[in-house]
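**Student:** Okay, here's the structure, questions in a sec.
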Amino acid sequence: MQPRVTTTTLFKMKQEGKRITALTAYDHPFATLVDAAGIDIILVGDSLGMVVQGKQTTLPVTMDEILYHTAMVTRACNRAMVVGDMPFMSYQSSINQAVDNAGRFLKEADASAVKLEGGADVCPVIQAIAKAGIPVQAHIGLTPQSVHQMGGFRVQRDEERLVSDALKVQDAGAFSVVLEGIPSDIAGIITKKLDIPTIGIGAGPGCDGQILVLHDMLGLHDRHLPKFVRQFADLRTQAARGLEQYRDAVRNGSFPAEEHGYK
């Protein structure tokens, strides 16, 4: 069995120039596959609201819902670092609320770390959670929980603010930072300035690692994919074909056959 990926593992990978791989997962079967594939980080993202629950944004996801999914994922993983995504309004009201909710991911769901969105504005929260002994992954740029404030899912281009936010979340104690929806050149500048690893999603090839939503890259749905997504499989088409074959086999009497019964 390979050793578990830790924050130290990720720091070393950045120092050695080894690319970090990350994906989302939301349940035990898929987390088992992702972990077995050697993916370094599994994020149990609040994106589950959109890709699993069928909602329009990530905002309605609750702590209890994401803890339920995180626990399923951690039970499947032997190597990958499992990061729990702190949902909207689970850390914004007070620092005490944020620390308590972050702690629930480790105590109740056996996660290794938490992720939260925001730059300079959430640095006191990052600092408090990290001080409590909980590893924190930051997330700057396009932050889906602020979709209404941003006026939609828009690429973020303010280089000065983005670089400043990245440096500040690092100083606050984040062990890594997700860069989402940022021009490639700015993401590259940030990556070179930081000591902690950068994980890109729609931020170009210059980041220390990459993350995608599992359902997007495996082709598990038919919704519009962002420009930055590469589809590595078409499981929806394969699943539809299998379901249709099952339907036809039951209707024409070829399933179940004699070998599927007991004597």
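Note: Cβ is positioned from N, Cα and C throughout, glycine not excepted.
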**Student:** Quick check on the annotation: Swiss-Prot has Asp46, Glu117 binding Mg(2+), so which of Asp27, Asp64, Asp85 does it put in that site too?
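**Tutor:** Only hit among Asp27, Asp64, Asp85 in Swiss-Prot's Mg(2+) site, alongside Asp46, Glu117: Asp85.
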**Student:** Within 10 Å of the Cβ of Ser47 (3-methyl-2-oxobutanoate binding site), how many other Cβ atoms are there?
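**Tutor:** Here the count is 21.
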**Student:** For Glu180 (active site, proton acceptor) and Glu117 (Mg(2+) binding site), determine the Cα separation and express it in whole Å.
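**Tutor:** With the alpha carbons as reference points, the distance is 10 Å.
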**Student:** Among Asp46, Ser47, Asp85, Lys115, recorded 3-methyl-2-oxobutanoate binders, what is the largest CA to CA distance in Å?
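**Tutor:** 12 Å is the greatest Cα spacing among the residues binding 3-methyl-2-oxobutanoate.
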**Student:** Could you state the whole-number distance in Å separating the C-alpha atoms of Ser47 (3-methyl-2-oxobutanoate binding site) and Asp85 (Mg(2+) binding site)?
**Tutor:** 9
**Student:** Count the Cβ atoms, other than its own, that fall within 10 Å of the Cβ of Glu117 (Mg(2+) binding site), considering every protein chain shown.
**Tutor:** 24
**Student:** Which ones in the same chain are close to Asp85 (Mg(2+) binding site), with CB under 8 Å and 6+ residues apart in sequence?
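**Tutor:** Asp85 (Mg(2+) binding site) has long-range Cβ partners Leu43, Val44, Gly45, Asp46, Ser47, Ile66, Val114, Lys115, Leu116.
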